[in-house]
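Right, one structure below, let's go through it.
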Amino acid sequence: MHHFEYKNKELYCESVPVRDIAAEVGTPFYLYSTATLTRHFKAFDEAFAMPHVTCFATKACSNIAILNLFAGLGGGADIVSGGELFRALKAGVDPRKIVYSGVGKSVEELRFGLESGILMFNIESVQELHALQKVAEDMGVSAPVSFRVNPDVDPKTHAYISTGLAKNKFGIPIQDALDVYVTAQKMQYIEVIGVSCHIGSQLTQISPFVESLQKVKIFIGRLAKAGIHISHLDLGGGLGIRYDSEDPPLPAAYAEAIKDEMEGLDCTLILEPGRVIVGNAGILVTKVLYTKQGGKKFVIVDAGMNDLARPSLYGAYHGIQPVVETEEGNEIADVVGPICETGDFLARGQEVPITQSGDLLAVMSSGAYGFSMASNYNSRPRVPEVLVDGDQFYVIRKRETYEDLIAGETIPSS
Ligand SMILES: *Cc1c(COP(=O)(O)O)cnc(C)c1O
């Protein structure tokens, strides 16, 4: 359920015609709906009637206005870099609700996390544990730690977004984790508080979540026998959304399945949803530049793979809808960008509205891993981000300029 709807054949974001925003900010641009973001956050967060913290996965959509919105709803943040920690703090996220994930945190990033007083570090290797112990010792503080275990569960999603299989780089194999906990427990500057796992993204079934939680529960039992008591259980993110015809479980069904399994565990639950909150709360608006009939029909638009990488990166599907509906009907076409790469497409062999040069198109479900994955490839300034709230809209990130492109570059003077 989202607030991008047609009224009199015209696409609106809440009460604002998308066409009006395009006239003001130009194209392409990302557009988010406050009502949709709020609704999705609450639907998720309120589904869990047990002690929990919903730590929004910052990497899915990291604009500080959006992080601030979730912080105002009581949310925390799951971060994967010092840059994301900086954003979360600037956005007003309570550091006591920040969890730090990722396989390769640098010493500087570990220090930044400790200085900020975050809730916990999700540690992914023994070497990282030692690095954190050393930083904590230098600072004379205790580091709250959870280990990300790899439960070897198949999330049944795209290979690039599977993370909980033994062959993936993430976490510590669950069968090796007990030794690591025992080691950590003895370390003076480490405070062991949690277990975490995150098995993948865009999951459309509940069973892999339940399977991994069952494995983690058994593991927590083994820890208890070894005298190690866990107060935080982090189940990661990964709940999928509908891009096309997927039928993912609703947050309420997911929460219900988790609740049953949590029975008897005296832990605060940490959740790290990203895509499920923001994916369908954002669109990318682009303009048709040209159309041409080669071996097939091509619609050339002003947004490319540097603006929205998911189709190129994962072969991902995004619905393409008209900003103003016409009587022209649909056609099968490739919607491609201006980038000098064959892999530069937003849609391939897909049913799209018949358009002419100058028409506006909405690339649906682009709120997650859209702008946050954008780059400057081909020296294209990154596009603006716009947030609608009721009948108002706000530019929450300006369009980059050519000057922005070379800021920080210098020609060595001889
Ligand atoms: C990417 C990521 C998430 C969010 O995943 P979604 O599929 O967007 O919910 C959560 N936790 C970790 C550790 C991640 O890497």
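Every residue gets a Cβ built from N, Cα and C, even glycine.
TrEMBL does not curate its annotations; it predicts them automatically.
Counting only same-chain residues six or more apart in sequence, the Cβ atoms lying under 8 angstroms from the Cβ of Cys340 (active site, proton donor) belong to Asn378. As annotated by TrEMBL, active site, proton donor applies to Cys340.
Taken from TrEMBL, the feature pyridoxal 5'-phosphate binding site covers Gly238, Glu272, Pro273, Gly274, Arg275, Tyr369. Its Cβ placed at the centre, Pro273 (pyridoxal 5'-phosphate binding site) has 26 other Cβ atoms within 10 Å.
Note on Tyr369 (pyridoxal 5'-phosphate binding site): other Cβ atoms within 10 Å of its Cβ, all shown chains, come to 25. As annotated by TrEMBL, substrate binding site applies to Arg275, Arg310, Tyr314, Glu341, Tyr369.
Annotation source TrEMBL lists domain 'Orn/DAP/Arg decarboxylase 2 C-terminal' at 30-367.
Taken from TrEMBL, the feature domain 'Orn/DAP/Arg decarboxylase 2 N-terminal' applies to 35-278.
For the recorded site, Lys59 (N6-(pyridoxal phosphate)lysine), the DSSP three-state label reads helix. Taking the Cβ of Lys59 (N6-(pyridoxal phosphate)lysine) as centre and 10 Å as the limit, one finds 19 other Cβ atoms among all the protein chains shown. Residues annotated as N6-(pyridoxal phosphate)lysine in TrEMBL: Lys59.
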Given the binding-site residues Gly238, Glu272, Gly274, Arg275, Tyr314, the candidate whose Cβ has the fewest other Cβ atoms within 10 Å is Tyr314
Filtered by Cβ distance under 6 Å to ligand 1, the binding-site residues Gly238, Pro273, Gly274, Tyr314, Tyr369 reduce to Gly238, Pro273, Gly274
Reduced DSSP state (H/G/I helix, E/B strand, rest coil) at Cys340 (active site, proton donor) is coil
Listed recorded positions Lys59, Arg310, Tyr314, Glu341; those within 10 A of Tyr369 (pyridoxal 5'-phosphate binding site), CA to CA, turn out to be Lys59, Arg310
For Pro273 (pyridoxal 5'-phosphate binding site) and Arg310 (substrate binding site), the CA-to-CA distance in whole Å is 18
